[in-house]
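See below for the structure under consideration.
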């Protein structure tokens, strides 16, 4: 298929005579790489206006010379082969360097080349303009994931760690060394051309690519989102009638590009033929605008309210509380969040619910079907089960950097529990919060001690250091049985130091650049880059609020870049102002909730891990409650 790239001669690029066409067309650029075959000149225009691409062998030629009325194949041989071989097999054949049959070499007249080149240039311009207008990428001024990772030698969590994210369950074996076809930016041609590149490094959805032929030269390496519209499997150009042109910097290196490509691509891996289709399917979300749901009331965590889906971005929902007339009273969460439920959920389990003042819902609003919501595991409450007054340890939903001493205040139906943080509860229970019995955010007594995590004692408790044995005796209470807690530890694939994009759950509309700093079985400590450790958050490894690097760019969500990096000893005034603003944001949120929350969450003592403790990592089904050596 590739018999060598060359430059058109002046005779070749001349326009057609007036006898053949009265229309004036742009001359073919003298530097346009072409394919020579038996002395005839070929190019890869867009397949329209007189040209066709064989769906079997990928050969491009004059449409009128193609076989059958549909002009799908260049010969009877290809037509028959297509019926007995899949399209995937034909792409694999081209990947392995198998040339088309002699019958597939359709000849074309030289004067037609100039016409088609001009038309292809016009079409490419229109397509580029359309893609520019419809592009989803949301650039972050001054921040680039590629530069950030390269300059610091960071490692990103692989896409397979995020089952809820697009392609999370069908990423396959995309890895370093995979070859793809991408636009060739090292080219002076007016038309959009492509070349083959290999993945040098993966960082989430983003890949560092290097054009074939550059060997160890990294001067033109570039980052690109693998799920973007400009990355294709090898063979796509042939089947789509797009030009494959080597970069200008290396055109002189080889005279026989066909032999080079055959040697480099034989046995190489590429993207699946249906990769872009799978990406598109993964970007379809079942939740639609105007759907009604029940969601936690952000001002009183003990109850739920009705909210309406205002927008859906990458599976994240902007919910507007139904009583908000100006639509400013909103709440952000993922469609798989445990904080949202179908209409009627609160009543079915006995959860507190704030009735809406709106007597009749708007006509365009409709209840979201129950099957759209994340299902919780069924539990057997008939035997030994949680009881009111039992003690446990729980992540404080209003201070996610702390695991606190907590008490079960009410047992609801279907395995749900109302929990309160000891020492900071309101008398009316307005600061209780709901966790399911299988929630990874609640732990048995002693979990923090075993795993060397600082446990936050009850506010005002004077007998320090805190000892569970003494506290249970003094409060005349019992610990919840260990066997009732969720001990499953999935093989999540996270490691300390991995980069990702994470929701700031204290301001859930924000998705930020973040790092995994600790791993305790299935529990991850998420640090927001550039911010102090006091803003870290404990998050489950399967949380729908964690995303691969490049997720914001792929979905069109705005990414929050790292805060300015400064040393502890000499912080710039700009950084101090930003951190102060962040602290005020937390304070404002807590004031808004009207709950009696810990002062430590705001500007009190800073919690740290036990001195001398080592992080433990568990990426399998090791014992959840047995102390392990690091």
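Cβ atoms are placed via backbone N, Cα and C, with glycine included.
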TrEMBL annotation of region 'Disordered' - which of the ranges 1-33, 34-66 it falls on: 1-33
Range from 143-247, 255-351, 353-458 with the greatest count of C-beta pairs under 8 A to the repeat 'MBT' (466-562): 143-247
Within the predicted model, mean pLDDT of the repeat 'MBT' (143-247): 94
